[in-house]
Amino acid sequence: MAGAESGGSAFSMSSVVADWSLVVWTLCAVILPVLITVWCSFHRSRRQTLIRDIFCKSKHDWHYTDLFGQPSYCCVCAQHVLRGAFCSCCGLRVCEGCLKKADQQFLCKEVMMRSDGVDRSSMPHHWIRGNVPLCSYCMVCKQQCGTQPKLCDYRCVWCQCTVHDECMLDCLKVEECTFGEFRDLIIPPYYLSTIDQMRKDKRTDYEKVVPYCRKHWIPVIVLANTRSGNNMGETLLGEFKILLNPVQVFDLSKITPAKALQLCTLLPCNAVRVLVCGGDGTVGWVLDAIDEMKIKGQERFIPQVAILPLGTGNDLSNTLGWGAGYAGEVPVEQILRNVMEADGIMLDRWKVQVTSKGYYNLRKPKVFTMNNYFSVGPDALMALNFHAHREKSPSLFSSRIINKAVYFFYGTKDCLVQECKDLNKKVELELDGERIELPNLEGIIVLNIGYWGGGCRLWEGMGDEPYPLARHDDGLLEVVGVHGSFHCAQIQVKLANPVRLGQAHTVRLILKSSKMPMQVDGEPWAQGPCTVTITHKTHALMLYHSGEQTDDDASSMSEQEHVREQTDEDV
């Protein structure tokens, strides 16, 4: 009996020990991964905090990337790196471990030279070793650089010249930098230091400083909207900062155009060019800021405006020859060449005044500035629906293709519902004071430029009738009507013509009853009974790029020449 009891107690003890060991191992299996995860999260958070602290205090414009776009080597330890930090101004690339050392060891681009009491008209090269651009050639031996799989060769951050390690001579380290191909667009650091000294001396004759730079100097200011269209603005900002002085490149999500354009007042009169990277809305924002400069009495500093189309429609960009949309297919260097070679042209800007009925003494009229077009009807309804959904979920509308697909969806829906039918019974139209009898319509569109609806030449239609081409600098508006969304789609693929209602210097539209969708340059709203008056406001100085000609442009030009030939024969 005693043996049996002792055996039973021993068995129970061993089972208890086994149960406790199972509990311990289970706890270890659960708690250990949790502890490892917490430790890794803490370490990652601490590392990110240190990196962020370096980024904030640094004179470099550091950005972190999980994967470099090309083979890269750390400028400190010379090891191959897949991820790390890079400076969008000078092009330095480093691994995480060497970030602090690189920040202390290497100087970034100086946007303004330190004042030492001496007027300078030149500066030496600023060489950075390694990670030279692909297909670059040595300025000494003319052979290709960066071909070895290691940190090698040098690049000047200003003129972009490259030199082999073995070709780098002491004389090159102190040689005067010429600023390279884009010397006529770059604002040199010594120019800004001279201007700063003149401002301290309360002198404003900045024109006398220009000979220190060069004769044909047309400095460019880049204004990029990082929220436009396909979200390429962030990448473009870095590429422009590499090629130009970083002080010339502005992110419109961090600074307004009005503040950025004050740089024009420090530059020669009538010489500055502005490159707007964004959609037509961004261009209108910049042109409004230029109008404010006119009000302030800064007419002589007004710049000429070029466009890099990043939006969805880009009709103004298309009209001025800059293309229907940019997706990175053209190198930034070629864009700057196009800006240098572009010709000046005028763009009419119009005042759109909307006066609601019954509120003459209570509400001020709504006033808009129009560059592209005004419309009431199905296209305004599509824009209104698109705008409402983009406000709710902006992250879903970051692609130009998705945006156009959403427009297509709402256009198809309107073909079935026809929310804007019998528009001709609800509105009255006057062109230069003369009332126009309207046929059965669903929409009216008032055009200032040749393109509409993301690349359609609306006024010309199919091009089978000898109508004069729509111009953006003649002080005239083209007014057309459409029968509905399906008719708009037919016009866009050149299967139908619009209902041409006429041309006028002043357009007056009276909405007698109900509420209708309206838009000015893609900014839509729902409007009750009102009177819309469109009159000429001012002109804008734009840049026209003749090298970007579409098939529609070519056909329209040939049609215009054919009409002229027929006219000459009749005469």
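Glycine too: its Cβ is placed from the backbone N, Cα and C atoms.
Listed features, source TrEMBL:
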- 20-42: transmembrane segment (TRANSMEM)
- 59-108: domain 'Phorbol-ester/DAG-type' (DOMAIN)
- 124-177: domain 'Phorbol-ester/DAG-type' (DOMAIN)
- 215-356: domain 'DAGKc' (DOMAIN)
- 549-571: region 'Disordered' (REGION)
- 559-571: compositional bias 'Basic and acidic residues' (COMPBIAS)
Check your understanding: What is the pLDDT of the domain 'Phorbol-ester/DAG-type' (124-177) when averaged and given as a whole number?
Key -> 89
Exercise for review: Mind tallying the domain 'Phorbol-ester/DAG-type' (124-177) by DSSP state, helix then strand then coil?
Suggested key: 5 helix, 13 strand, 36 coil
Check your understanding: How many of the residues that make up the domain 'Phorbol-ester/DAG-type' (59-108) does DSSP mark as helix, as strand and as coil?
Key -> 10 helix, 14 strand, 26 coil
